[in-house]
Every structure is written in structure tokens, then in C-alpha cells.
Amino acid sequence: MQRFIKWLAVITSLDLLIVLLGGALVTKTGSGQGCGKSWPLCNGEFVPSNLSMETIIELSHRLTSGSAGILVTLLCILSWKYYKHVRETKTLAILSFVFLVAQALMGAAAVVWGQMPAVLAIHFGISLISFASVILLTCLIFEIDQKFDARSLIMDKKMKFHIYGVTIYSYIVVYTGALVRHERASLACPDFPLCSKNRPMPTQLHEWVQMGHRVAAMLIFAWILYAMILAIRHYKQQPVVYWGWIISFILVTLQAIVGILVVFTNASLSMALLHSLFISCLFAVLCYLVMLGTRSKVNAKEAASTSKQTK
């Protein structure tokens, strides 16, 4: 059974990643109304008779979201049953399921009633939490902790502050990026790093949205760089923290490069999807570090208790 659960966890993780990228594809191609204002049917039909490209994209996204719902539900039930001895299992299972349902309902509401761009931008963030929760659940199932000796990890307050702070802030950056997409502001500023050679400062809403995201992205790049330097200096003996921050910096660097290329490639589809891919992976890594941070306090208490007993 454990072998089956491992395969299920991998397939579920991949399916949720496809859902995330599919949502970005729907937004990028303007396919949100590919099935009209009909849900769960498509244009009022179970199998649509007229298949335009927008309809195919929207319908494919709905199907992958539906399959993800089934897989996540099954994974939550099995992990709850067979891995309940691991402290985080129940919490992650609940988060995976609840946020997947929330993003599905929000997606349906957007189709039927429509939503403001500011509200639609939350949709990607909700999906991201479900994805990260399933990734963490998969890590627990594959016992990644034991390979990195993460169960004995103890961090200082400074490192935990950076882990929690960067993760929370990354969610804000994700929201600003999703807002850029839903406001159709990807090309509002044709230059980089300033908005325009002739107008360095934004002058209208779309430019402010674009430049706001750029500033937020620059700050998270600098923050992750600083945290990585701390990890390299002080956590060489803790591989999971050491490599966690190095991987985070690699991902945020790739994210920044692709973000710049979005501007200079006229917001090409491939760059837009890569942009969503890298931020999804980065958020999952940061969430894993958060999970380790919550354990650190417990590990420190256990170490102190053991020390007292030996004395």
C-alpha cells in the first residue's frame, strides 16, 4: 500500500502543477469564457459541439482540476490513515483539500458571475497553497526528512524569522504577479528596470501595477540572497537549510530572468508559463522550510529535556 501511496503522491503533485499552469494558460490566452457562463457544463453541454481553441483550453483546465480533486481527496484519506504518526500529516491533508475546494469554487464563481481582477488574482494564490501542501505531504511520504536528518534540526530565531518572513512576503509577490496578469498589465512598461526610457515613473493604473510587482520582486530577490548567505555561513552542518536556501535563490533568480524576458519577448506564452512554474516551485521550497521551522522549536525543547535528564 505504501508503494501505491508514493505513486499517488507523485501523480497528484504533477496534476496540481498542471492545474496551476493551466490556470495561467487560461488567463494568458483569455480562455476564461471558453465554455461561456456555464459550469460545470461547457456552453450548456456535457460534451461541447463547437470546439474553439479557447473552449479546449478552458475545458482541459476544468478536467485536470476535477481529476486533481479526486486524487487529492484519495491522497488525503490514505495519508491520514497510514501516516497519521507524522505530526504534520493531518494539517497538510486538510490544507490540501480545503484550498483545492476553495480554488475550484472560486473558479466556478468567476465563470458564472465574473470577478474583478483584484479578486481573480487571489485564485492563483489559493491554488498555490494546495499545491505546496501536497508537495510537503509527498516529502513526508517519501521520508525526505530522514535523508536530510531534518528531525534533529534546530534553528536560531534569526533564521526562523527569515524563513517565515520570506514565505509570507512571497505570497504578496505572487498576488502582485497574478494581478499583473489579470489586469493585462504584462506589457504596460516596455522597458526594464524602469517603466520607460522617456517616462521612468508610472503614470496610469496598469503601469503602477506592473512597477509595483517589479519592486516587490526585487525585494524578495534581495531578501532570499541575504538568507542564503546566512545559511551558507552558519548552516553548513544542516544540509536541508543550507541547500533549501541555495535552491530558493536559484529559483528566484530564474524567476527574475524569466520575468525580464516576459517584457522583452512581448509576453510570450512560454515565458509566462515558466514564470508561473518557477514561482510555484519556489513557494513549495519555502513552505518546506517553514515546516522545518515549526519543528525546530519542538526539537529544541526535546533536546533541552534530554539534557536535563542526563544531568
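Glycine is treated like the rest: Cβ placed from N, Cα and C.
Quick caveat, the model's predicted, so the values are computed rather than measured.
Annotation comment: Swiss-Prot describes 1-6 (among others) as topological domain 'Cytoplasmic'. Here the topological domain 'Cytoplasmic' (1-6) has Cβ contacts under 8 Å with residues 75, 78-79, 82-83, 141-142 of the same chain, all six or more residues outside its ends.
Residues annotated as transmembrane segment in Swiss-Prot: 7-27 (among others).
Sequence annotations record features per position, and here Swiss-Prot assigns topological domain 'Extracellular' to 28-62 (among others). Within its own chain, the topological domain 'Extracellular' (28-62) is flanked in space by residues 19, 22, 108, 110-112, 181, 267, 269, 272-273, which lie at least six positions past its ends and keep a Cβ under 8 Å from the stretch.
Look at Swiss-Prot and you will find Cys35-Cys42 (among others) tagged as disulfide bond, backed by sequence analysis. Under the three-state DSSP scheme, Cys42 (disulfide bond) falls in the strand class.
Counting only same-chain residues six or more apart in sequence, the Cβ atoms lying under 8 angstroms from the Cβ of Glu58 (active site) belong to Val26, Ser31, Gly32, Gln33, Gly34, Cys35, Cys42. Per Swiss-Prot, the feature active site maps to Glu58.
For the recorded site, His123 (heme o binding site), the DSSP three-state label reads helix. His123 (heme o binding site) counts 21 other C-beta atoms within 10 Å of its own C-beta, drawing on all protein chains shown. The heme o binding site feature in Swiss-Prot is assigned to His61, His123; the stated evidence is sequence analysis.
Listed as Cβ neighbours of the transmembrane segment (63-83) (distance under 8 Å, sequence separation of 6 or more from its ends, same chain) are residues 1-2, 4-5, 8-9, 11-12, 15-16, 18-19, 22, 89-90, 92-94, 96-97, 100-101, 103-104, 107, 130, 134, 137, 140-141. Residues or ranges marked as transmembrane segment in Swiss-Prot (evidence: sequence analysis): 63-83 (among others).
The feature topological domain 'Cytoplasmic' is assigned by Swiss-Prot to 84-91 (among others). When pLDDT is averaged over the topological domain 'Cytoplasmic' (84-91), the result is 83.
Positions annotated as transmembrane segment by Swiss-Prot, on the basis of sequence analysis: 92-112 (among others).
Marked as topological domain 'Extracellular' by Swiss-Prot: 113-121 (among others).
Proximity of distant same-chain residues to the transmembrane segment (122-142), defined by a Cβ-Cβ separation under 8 Å and at least 6 residues beyond the stretch ends, is recorded for 2, 5-6, 9-10, 12-13, 16-17, 19-20, 23-24, 72, 75, 79, 83, 86, 88-89, 92-93, 95-97, 99-100, 102-103, 106-107, 110, 171, 174-175, 178, 181, 276, 279-280, 283-284, 287-288, 291. According to Swiss-Prot, the transmembrane segment annotation covers 122-142 (among others).
What Swiss-Prot records for 143-159 (among others) is topological domain 'Cytoplasmic'.
What Swiss-Prot records for 160-180 (among others) is transmembrane segment, and it gives sequence analysis as the kind of evidence.
The topological domain 'Extracellular' annotation in Swiss-Prot covers 181-211 (among others) and rests on sequence analysis. Residues 24, 27-28, 117-118, 120-121, 124, 218, 260, 262-264, 266-267, 272 of the same chain, all 6+ positions outside the topological domain 'Extracellular' (181-211), place their C-beta atoms under 8 angstroms from a C-beta of that stretch.
What Swiss-Prot records for Cys189-Cys195 (among others) is disulfide bond, and it gives sequence analysis as the kind of evidence. The Cβ of Cys195 (disulfide bond) has Ala188, Cys189, Met201, Pro202, Glu207, Gln210, Met211 as same-chain neighbours under 8 Å, each 6 or more residues away in sequence.
Residues or ranges marked as transmembrane segment by Swiss-Prot: 212-232 (among others).
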Rounded Cα separation (Å) that holds between His213 (heme b binding site) and His123 (heme o binding site): 17
Two-stretch contact, the transmembrane segment (160-180) and the transmembrane segment (212-232), at least three Cβ pairs under 8 Å: yes
Cα distance (Å, whole number) from His275 (heme b binding site) to His61 (heme o binding site): 18
Long-range Cβ neighbours of the transmembrane segment (92-112) (under 8 Å; 6 or more residues past either end): 16, 23, 32-33, 35, 37-40, 65, 68-69, 72-73, 75-76, 79-80, 120, 122-123, 126-127, 129-130, 133-134, 136-137, 140
